[in-house]
Amino acid sequence: VRPLNCIVAVSQNMGIGKNGDLPWPPLRNEYKYFQRMTTTSSVEGKQNLVIMGRKTWFSIPEKNRPLKDRINIVLSRELKEPPQGAHFLAKSLDDALKLTEQPELKDKVDMVWIVGGSSVYKEAMNKPGHIRLFVTRIMKEFESDTFFPEIDLEKYKLLSECSGVPSDVQEEKGIKYKFEVYEKNN
C-alpha cells in the first residue's frame, strides 16, 4: 500500500479556510510549493493524484480546475457524476483509495495527496499505515471558519528534514511561515 500524503497550510489558530477561501492574503511562493509538491512525480510516465472534498474543489478558481498535471478525485456522497473538470468521483476516502488500486489507475499513479478539507484530512490522519503530513505553519492568527484537526504527536513525529522542503522561515507580504513534515508509520 502506497503512503498517503496530506498537504495543508494552517494559521497559528489552526485555521485553513474562511468563506470558501484561504484566511490569509495569497502567498505566491507558498502556492508554488503546494504546486511543486503535489505535481512532481518521482517516476517517469506517472502522475500524482489529488483527493479533495467537494467544497475544496469548488473553492478552486474555475480556471485552475482540475489541478493540472495531476489526476483529480472529488469526494461527495451527494453528487451523481464528477463535477465538470474532475477526473473521478468517489463517495468516500476509502473508495477513492480503492480506485487508485484499480487497473486503470494503478500503473499511472505515483504519489497520492490529500488536499482538503477538514473532514478529509481528519479521516486520512486517523488511518493506519504510512502517512505524511506536509504542513505550512503560517506564523500568525487569521480569522477562520474551517480548521485543521489536531496532530497527535504520540503518533506523528516531526521530521528534522525532508528532501525538497526548505527548512528556513519564509516571508511574503509581511507574513512569516515555515514548512514542516510529520510522519507516522503504524
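Any Cβ shown, glycine's included, is placed from N, Cα and C.
If you look up Swiss-Prot, you'll see Ala9, 15-21, 54-56, 76-78, 116-123 marked as NADP(+) binding site, on the strength of similarity to another entry. In the three-state DSSP assignment, the secondary structure recorded for Gly17 (NADP(+) binding site) is strand. Taking a C-beta cut-off of under 8 Å and a sequence gap of six or more, Gly17 (NADP(+) binding site) has these contacts in its own chain: Pro23, Ser59, Gly116, Gly117, Ser118, Ser144, Asp145, Thr146.
When secondary structure is read from DSSP and collapsed to three states, Tyr31 (substrate binding site) falls in the helix class. The Cβ neighbour count for Tyr31 (substrate binding site), using a 10 Å radius and every protein chain shown, is 14. What Swiss-Prot records for Glu30, Tyr31, Lys32, Tyr33, Phe34, Gln35, Arg70 is substrate binding site, and it gives similarity to another entry as the kind of evidence.
Sequence annotations record features per position, and here Swiss-Prot assigns domain 'DHFR' to 3-184. On the 0 to 100 pLDDT scale, the domain 'DHFR' (3-184) averages 97 in the predicted structure.
The N6-acetyllysine annotation in Swiss-Prot covers Lys32. The Cβ of Lys32 (substrate binding site) has 10 neighbouring Cβ atoms from other residues within 10 Å, across all protein chains displayed.
Marked as N6-succinyllysine by Swiss-Prot on the basis of similarity to another entry: Lys32.
Taking Cβ-Cβ distances under 8 Å and a sequence separation of 6 or more, the neighbours of Cys162 (cysteine derivative) in its chain are Val181. A coil conformation is recorded for Cys162 (cysteine derivative) in the three-state DSSP classification, outside any helix or strand. Residues or ranges marked as cysteine derivative by Swiss-Prot: Cys162.
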Between the C-alpha atoms of Glu123 (NADP(+) binding site) and Phe34 (substrate binding site), the distance in angstrom, to the nearest integer, is 21
Rounding to whole Å, the Cα atoms of Lys55 (NADP(+) binding site) and Lys32 (substrate binding site) are apart by 22
